[in-house]
Amino acid sequence: MSRNDKEPFFVKFLKSSDNSKCFFKALESIKEFQSEEYLQIITEEEALKIKENDRSLYICDPFSGVVFDHLKKLGCRIVGPQVVIFCMHHQRCVPRAEHPVYNMVMSDVTISCTSLEKEKREEVHKYVQMMGGRVYRDLNVSVTHLIAGEVGSKKYLVAANLKKPILLPSWIKTLWEKSQEKKITRYTDINMEDFKCPIFLGCIICVTGLCGLDRKEVQQLTVKHGGQYMGQLKMNECTHLIVQEPKGQKYECAKRWNVHCVTTQWFFDSIEKGFCQDESIYKTEPRPEAKTMPNSSTPTSQINTIDSRTLSDVSNISNINASCVSESICNSLNSKLEPTLENLENLDVSAFQAPEDLLDGCRIYLCGFSGRKLDKLRRLINSGGGVRFNQLNEDVTHVIVGDYDDELKQFWNKSAHRPHVVGAKWLLECFSKGYMLSEEPYIHANYQPVEIPVSHKPESKAALLKKKNSSFSKKDFAPSEKHEQADEDLLSQYENGSSTVVEAKTSEARPFNDSTHAEPLNDSTHISLQEENQSSVSHCVPDVSTITEEGLFSQKSFLVLGFSNENESNIANIIKENAGKIMSLLSRTVADYAVVPLLGCEVEATVGEVVTNTWLVTCIDYQTLFDPKSNPLFTPVPVMTGMTPLEDCVISFSQCAGAEKESLTFLANLLGASVQEYFVRKSNAKKGMFASTHLILKERGGSKYEAAKKWNLPAVTIAWLLETARTGKRADESHFLIENSTKEERSLETEITNGINLNSDTAEHPGTRLQTHRKTVVTPLDMNRFQSKAFRAVVSQHARQVAASPAVGQPLQKEPSLHLDTPSKFLSKDKLFKPSFDVKDALAALETPGRPSQQKRKPSTPLSEVIVKNLQLALANSSRNAVALSASPQLKEAQSEKEEAPKPLHKVVVCVSKKLSKKQSELNGIAASLGADYRWSFDETVTHFIYQGRPNDTNREYKSVKERGVHIVSEHWLLDCAQECKHLPESLYPHTYNPKMSLDISAVQDGRLCNSRLLSAVSSTKDDEPDPLILEENDVDNMATNNKESAPSNGSGKNDSKGVLTQTLEMRENFQKQLQEIMSATSIVKPQGQRTSLSRSGCNSASSTPDSTRSARSGRSRVLEALRQSRQTVPDVNTEPSQNEQIIWDDPTAREERARLASNLQWPSCPTQYSELQVDIQNLEDSPFQKPLHDSEIAKQAVCDPGNIRVTEAPKHPISEELETPIKDSHLIPTPQAPSIAFPLANPPVAPHPREKIITIEETHEELKKQYIFQLSSLNPQERIDYCHLIEKLGGLVIEKQCFDPTCTHIVVGHPLRNEKYLASVAAGKWVLHRSYLEACRTAGHFVQEEDYEWGSSSILDVLTGINVQQRRLALAAMRWRKKIQQRQESGIVEGAFSGWKVILHVDQSREAGFKRLLQSGGAKVLPGHSVPLFKEATHLFSDLNKLKPDDSGVNIAEAAAQNVYCLRTEYIADYLMQESPPHVENYCLPEAISFIQNNKELGTGLSQKRKAPTEKNKIKRPRVH
């Protein structure tokens, strides 16, 4: 209670009729210590009149009722009478909890939970808090007890190793119940052992390779210790497989299903130690075979342990042989490096009395150990305070090598990072001595850290003390100096007088540990250096003594205010660790910063800046001193207290991380909002997710933002949350939408995340000067983001060096250093190498001499433009771009530097799955070259996850990514994007994509883009085109190409019109050549006047409406599509336009196919105004080289009439400018017509075919009025999202159910499967469609006719060659039953495949619902139960005896068969649907019913009277009887 508070503190006892004796006892005991003037006894009526929290202490008994709920809702401080008695008795303060406290049974207990469902966890938290305990969500040192639902989590393992009690949730429930009954006063009154978490709780254990006795023992012990034993290995059920030897079918399946494969040692160690052990220590993997191949292709001597280094080790080229010592030294060294580890397994770790911080600062990776050895070493590292890494990366400082080192060799070859590679003996010696030993005597011979040569290596302080005794003294290497000098002389021939020392790069790679770093600069190996250059190099290297003493907050003083004592001391320690100074309130010195909580507090002292703990943590995270004004969270946030305007809001954050995200989450919770990590459309109670209402982000982009747009949810800036906090009212979202925010606002918000140094004063903060120095050593290309091309970076770098003034916080350099591309750059694993071109002198020579004031201007003469253009051309020719640039760019006027056009995958962030780790570097490089960003591990910024796997993959990584809703694509998506140099649709590349089963994507993409974008192109080019009503073929081509090129460049295509024209002409020429090739391959005599190239003159007889233009383009694209589908040759993208002659490989097979295609193409001979060209694609089926097509290709094929080409007459009175088209009986929607200029036409004209049927506009409109209600099946998540959005956009509905819904009209199926949803759709006669139907609808812009896209139609089955026999049967069944049932419906009979059936089901309860839905969807009546009276009514009885549980009550099958009921196995239902003629019932009869069937046959009474209904209707219903 602060002194400034005017309001007195009252203790109020709530009197009611239900008060217990304990209530009055508490009142008496408090009177002894508290003055009665501050004690009040209030009635329930008075309590209900309280309208706000008056900061009094309320004593309630019981903890229920209207009054209790009222006070709790107001946030009043409520305790039970037992709390008062306990506190009086133990002289303790009443807890200041934000929640009611009933008693103090758990007053000294702090719990954390693991592996509990959300509801259970919240219940545990509630009871613990009501019993005076504390709850932490994270496991930390303060936690005293862990409540576990099952074993195996990280919390569980840590708590078990720390010997913290791990108990069941029932312990909390029992404590609460006993305390309610007043039977206990402390948690220790109950025996905790009764509630201890069993060792194998939640484990389902299976074994392989064990003998019978061992297997039985494992089974008994598993059940005894709370686990479950399973004889069969079942996917998604078994959690552990105990393996004798790593081989066998169970072992292989377990590995694929991500089941823990462990040794028996894991099982018995867990029982011995009393808790479930970490499975990773006991992994069973086949021992890798020792490789006998040499590490280098260069012949070496027999003893090559030290010489077997690869080129990636060499960063100082002049000292390659510096560490090649004599063989005698090698032998003596090797004898030291091979420690004897036989006794390591039996080592007693507890025997060491080493300090807890012995390995402080060591980041250690263990390589080549397994079993007990690995366990012992891990325990040693943990006890010594070291950080143990599970993955070898550049953060590791020490690698301890054991029996094999294959993984280390790969890392050593790929990475320039050189950790200390030592044997286990070094670790054991450190622990036995009790202090850190020098690594040098223990370094492994094959892994010498040679990026700093041995003779020049900066030594640690420990090494300096022992320098005299070290075998690596300088005189040992005197003979090698001559070789070094020779290398230096040789290298100097290529340096052209360069004064750059290679050690400049080395100084960046490894931090200096001592002031002796300057010594190598005066060494004899650098005699060729000039004197003044030595001084410039030494200027680059800062003094070590200054580095060690300075920190981020050097010379800065701080006041810490408004925090609890614990938090205040933690913050003070952090500031001191970063060289800051903590001031006391009594000090007269003005502090630079006052650190306060996010919501602020009263600061009476005079300070320079008032900042929040968010600012402090962010500065430390980025090691940069930020300007407090750069982010609103860096200064106290004004909040209207007591207001919760966001109570009904569920908020998700995007593009926020670290302290910033934590602060925003705290602020949102304070305002009453719920914050969740996932952005979801619908609530999911099982996963504890609520439907999101708001997305807060910094800039447009990312999967969450796209989802928000799709779902019409507000995506707002952080300012919306701050404004809501300031006013206490929910701010209007429309004023804070991310779309409306300016670029400056967004960039300001993203500065923290991108780590921009906003206020780094170098004079005051030499620590930041060190960072600046390090940046000057590397090349100025943006090596991390990979967003700019190398050649542009060179030119822009030169302009910045000459024209731009130094940025704030960066020191002026006396002389900029050159940036040599050393091997350590271009062999770096994590970076894409881009060569740096030194064109400074060349550009300087081109500058026009002028006055001194003009010298700093950027050269902008036409010659410099030529250089840039030719560099662009060189890069374009060396990479596989989709469209080659012109070989002769025209000289333009000097232009100011423009912003670079975004690359195809701009704003895409990819992450490659661990499953494809071998290809990760390669794929990351490709992504970077396309303008994408990449992440080594998955985080919330990732938009595309690259994965390859099965349709229902159980991989944990895949599952977790799938829940995030990002694009999951195949690696071939990225490869094809690079091939096409464009952003291809992700839906065409699911993670199951197999290129061997598909045709070229580029054909699909081009055709689809042309069709979908043409209309907008026509309508938007009125100013550009002289006459938009008369379009020639080439105009259409140009427009489509222009659209494709301008789409990614955001409208910058106008400036590149010449380049686009050149590209268009080139594309047209390539197409002409390919068309000529096709036509020349055939021996067909050409009609008179027919040409082999596209007509440039065109034809003016095209329709004068935009719609007809679109129709024209659509017809033409279908012809081109047919050509694309028939040829697989792709023109060389590197061919320049000037190269008229191409050297190609003559493929005779391809020539034959082109001839076959040409023979199938029947060109019309009359340029009729409304002629439509259609290609016969059915003959393509005969090709032995046919491959399955993609969905959009199938869609375009199916739109074409598979019949011969027809030429129809133009209608005299077109209605609404739509054409009446002759079609087949299948009622196709009229296909748009192509103009006559699509291909050259010959004379004389061909006579028109007779019309079969005309569809009028009225019929079409009637057809469109029908309902479109879809269900989706066997599609991946990306396709589901895409198609749901498409269907809703076209006016249809989507039912998102796992099971079949009879109200649906269409079901789109990825693959025909024998599952409930598919079979039920077949039985109900629904449209069962291929996904290409939706692609066709997307292209047409409305729902099209279904026949050609139906599973079972020839247009689908003929192009899908990869489906098996069962899938084909299922597909044909769908079409057959749909036609049957539709015919019956047309005749007025509404029924399904099973109409007339009255079924008794005798199946397992878990499967009964599925069978029931299936039968009912086909019109069957399912009778309740299987009692004898029902046999009179029933026609069929289906039973699945094999899968019934033993305790299921039986059914009298013999009695049913006697009453002429078909008693069949359940397989009959699916086969009845799939087979063309109904299957014979005898093949499916249950054993008990076979004799009755045979008797009926002999007597000739195949059917009972109940099956022989006299009506015609029953004859139709029962066509299957034999």
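Even glycines carry a Cβ here, placed using N, Cα and C.
The shown structure was predicted, so the numbers you read here are calculated from the model rather than taken from an experiment.
Residues 1517-1520 are the range that Swiss-Prot records as motif 'Nuclear localization signal', among 481-484, 497-500, 1517-1520. The candidates are Thr546, Thr776, Thr1062; Swiss-Prot tags Thr1062 with the feature phosphothreonine.
Checking Ser115, Ser308, Ser1504 against Swiss-Prot for the annotation phosphoserine singles out Ser1504. Sorting the domain 'BRCT 6' (900-991) by DSSP state (H, G, I as helix; E, B as strand; all else coil) yields 38 helix, 13 strand, 41 coil. Taken together, the residues of the domain 'BRCT 6' (900-991) have an average pLDDT of 87. Residue counts for the domain 'BRCT 8' (1389-1486) under DSSP, helix first, then strand, then coil, are 39 helix, 16 strand, 43 coil.
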